[in-house]
Amino acid sequence: MHPIPRLQTPIFDFLLPSLSPQLCRVSRASITTSTASPPPESSPQALQSTSKAQRRRPLSREQKQFLDSALRVNHAGELAATLIYTAQTPPIVKSHPHLRSLMHHMYAQEASHFTTFSNLLAKHRIRPTAMYPVWTVAATALGWGTAMMGREAAMACTEAVETEIGGHYNGQVRVLLKWVKEMEDRGEEVGEEITELVRTLKRIRDEELEHLDEAVEQDAKNAGGYTFLNRVVRSGCKGAIWISERI
Amino acid sequence: MIRRVLHRPPSPHLVFTKSTYHSYEHERTSPFTPPEDAVLSAGLAQVPKLGFTVDALAQGARDAGYRDVSINLFPAGPFALVHYHLVTQRRALASKQLEQGTSVDSKIRKLALERLHANAGIIDRWQEALALMATPSHVPSSIRELSLLADEILFLVGDQSVNTSWYTKRLALSTAYASSELFMTTDKSPNFTETEAFLSRRLLESKKLGTSIHSTTTWLGVQSMGLVNGLRSKGLRI
């Protein structure tokens, strides 16, 4: 038996640009309790070193698609977060004036995240989610509704949202670090865009997890129907992430 | 089953435009391979004489030094010529100089006009191209090209909006451009001055519509916030 020679058919590449669009899935690295800090990631050299004259190859189609949907989801998520805090603040501050500075602090951080992702979307020509108006209404309703249920419920909402979001960012950071590692193994320069994005995502994730801790300190777990509320909000977040990744 | 559907990665076919993450660290690669490029550009040079036909494509292949049979590489036939023209002219917009300091609206108008003028050489045959684009099997890629053109123009003028207006702006520009393109095929005025006026009117109309929608939604927002705050000041716990 002759071994079948491997056909050299450059024409196939041209006719079939991609038969196997396998996207890197975000394996979410879950964070279930506030005290569990995210597991340590490897810190590749590229994150510290500055650019050197090395070869560099363009991101693959799958990588671009991943970044496209990841940044779109993050933008939608931060939009929702700012709106939740905006809607929660008046009723909460009215009944608990001492929480004014905390609410303002969390809102200001979310607003800065939202600006960051808005700029990234415009810069990298990424389409914002088509569900923009829907998320606006849904997030405002969620924030106002939980604030009306009282301080504990509002904090339980914050806790549930930030748990999901923290895990979500963590998954993205892992995927990006995997790319960085692969690029380094191949001896390529990683490029400022990706390293900067990893740094931004890590910073934002840590700030979201701070909100989670603050919410738990404010008796989030004492809310009436805590388990139910937590389940509902978290599955709502998961659904919203799923939709925003796609449309 | 449900699990499999839920875990399927986001498909690029669900989105309206397939343009994805734009990196600044790599040059944009051409979507055409060098042989395709050679055949299609030679074919396009034959369009004023032969029209958007298989003959033009075959002549282009011969001119580029390939055998006639190589046009089988283009299953879309003459539409490949139309598509090539659309893509290359869209990508050529990036090299156009935009005056600094002018308003975004005038920059949009300038780029849309540049793109329209790129059709001037084959304007007598452009109705054939429009007919090909309207063929059911080519409608999706024609619409996609139109949306990519609007996206390109808005990116080049530095539009930063990333909310719902991202969609409305692109839709409005696409509509204005497509109607102007159709108008241009019947325009006999010197240097297409009537098309320019037509485009300006369409852009102005869509701007007026956009402004009134924006002011209406802003007004509604202000009114409802006022209502809520008024009720709060009356002691209602909301």
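Glycine is treated like the rest: Cβ placed from N, Cα and C.
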Just to be sure I read the record right: A:Glu162, A:Glu208, A:His211 are listed as binding Fe cation 2 in TrEMBL. Which of A:Glu110, A:Glu245 is listed for the same site? A:Glu110
Out of A:Glu78, A:Glu152, A:Glu159, A:Glu164, which one does TrEMBL list together with A:Glu110, A:His113, A:Glu208 for Fe cation 1? A:Glu78
Which has the fewest other CB atoms in a 10 Å radius around its CB: A:Glu78, A:Glu162, A:Glu208, the listed binding-site residues? A:Glu78
Measuring Cα to Cα, how many angstrom lie between A:Glu78 (Fe cation 1 binding site) and A:Glu162 (Fe cation 2 binding site)? 11
What is the set of residues, excluding A:Glu110, A:Glu162, A:Glu208, A:His211, whose C-beta falls within 8 angstroms of the centroid of the C-beta atoms at the Fe cation 2 site? A:Ala81, A:Met106, A:Gln109, A:Thr158, A:Val161, A:Ile165, A:Gly166, A:Glu207, A:Leu209, A:Glu210, A:Leu212
